[in-house]
Protein chains: 2
Amino acid sequence: MKTLKISEAVVRRLPVYLRHLIELKQREVLTVSSQDLGQKLDLNPAQIRKDLAYFGDFGRKGIGYDVSYLIQQIRHILKLDQIINVGLVGAGKLGHALCNYTVYLKDNMKIVAVFDAMESKIGTDINNLKVQPMSEMITTVRNQHIRIGIITVPAAEAQYVAEQFVEAGVEAILNFAPVILKVPSHVRVHTADFTTDLFSLAYYLTDQGKEVPVQ
Amino acid sequence: MKTLKISEAVVRRLPVYLRHLIELKQREVLTVSSQDLGQKLDLNPAQIRKDLAYFGDFGRKGIGYDVSYLIQQIRHILKLDQIINVGLVGAGKLGHALCNYTVYLKDNMKIVAVFDAMESKIGTDINNLKVQPMSEMITTVRNQHIRIGIITVPAAEAQYVAEQFVEAGVEAILNFAPVILKVPSHVRVHTADFTTDLFSLAYYLTDQGKEVPVQ
């Protein structure tokens, strides 16, 4: 049997669908068409149907998608129906902001431990978590079954932190430091970079709808 | 003459190319092939060649891309060779982190004003910027020629802030609040959402390389 790997682009769109579906549910919308989703999210409806069809047959012709059912299915595909513990290294402003931010999540993904190398930060409180020294990181990651690591340290320290996370056994890393991390291929890394968002916005400032000749 | 709109996906990849090219330049690499770029960035080399070809004929067969020249060209395409002033509303932890973060940028894109609605924050200092009250926002945006607005306020306040930005005349908004903003079509909005990154990582935790039958 031939098989097909699902691209990262598809996987990255699922949380976007999920976020919008949750908003629809809060407004007590029961069903939604791929046309409506597409219009709202600035995506081609055919693309949305294709993305979702990788995972199952969720929509009904002429009716669309049942909002609650699709939320439940996407949460399952993304494994948000499991408890996923997250650890964060770097108790600076961004680390604080991320801890605050994820408190709002109703999901089972939670930052359960925060680490920092700086003496002055160790023992301080972030959302009821005591900042731990780096020397405790590997033990804590293993004891608390932390599966995702978040890196919010300066660029120069990020590679070292990533290596510690890998040694501790995390399966995935979300990296906010502006460097490309070198990790073994079994560890998944996503880079979160504000400059990517800002810089791509700049493109639209004076050339929105810029057109080039078809070759 | 037929024309073609360049997709947001292409535009969003340009800063990723740029970041990697700058890293190569720092390591004194002079030329790079689309194969090398593709391997590093986990993208198909043909995709990279196609993306760049929208904007010009930058590569040479058998040699690849001149790193310095391509940096200069991408900076020009993204308009990073212009001065672009940015305003931020929401002087919380995330707002602080973003101001600190962009200080490191060598580019002409700069946060030049910070606003907050909370009495206790007004007048405090963030990276040598005094936090201003919301009542000054429209005047300051116009006087300082602020073209991009960043929103780091709680979800419930984000739509109001977006409307103020629009009234003041910004052309683009980077929204960190977990809501979908309603703005006129001439204003470009990108949503930055940590949960999108985190949730899409979760997908890879136990099913990395998940395979489904080709239909």
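Cβ atoms are placed via backbone N, Cα and C, with glycine included.
TrEMBL annotations:
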type: DNA_BIND; residues: B:16-55; note: DNA-binding region
type: DOMAIN; residues: B:79-180; note: domain 'CoA-binding'
type: BINDING; residues: B:Gly90, B:Ala91, B:Gly92, B:Lys93, B:Leu94, B:Gly95; note: NAD(+) binding site
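Counting other Cβ atoms within 10 Å of each Cβ, the lowest count among the binding-site residues B:Gly92, B:Gly95 belongs to B:Gly92. For B:Lys93 (NAD(+) binding site), other Cβ atoms within 10 Å of its Cβ number 20. When DSSP labels each residue, the DNA-binding region (B:16-55) comes out as 28 helix, 2 strand, 10 coil, counted as helix, strand and coil in that order.
Sorting the domain 'CoA-binding' (B:79-180) by DSSP state (H, G, I as helix; E, B as strand; all else coil) yields 35 helix, 31 strand, 36 coil.
For B:Leu94 (NAD(+) binding site), applying a Cβ distance below 8 Å and a minimum sequence separation of six or more within one chain yields B:Thr152, B:Phe176. Less than 8 angstroms from a Cβ of chain A: among the binding-site residues B:Gly90, B:Ala91, B:Gly92, B:Lys93, that describes B:Gly92, B:Lys93. All protein chains shown were included, and the count of other CB atoms within 10 Å of the CB of B:Ala91 (NAD(+) binding site) stands at 25.
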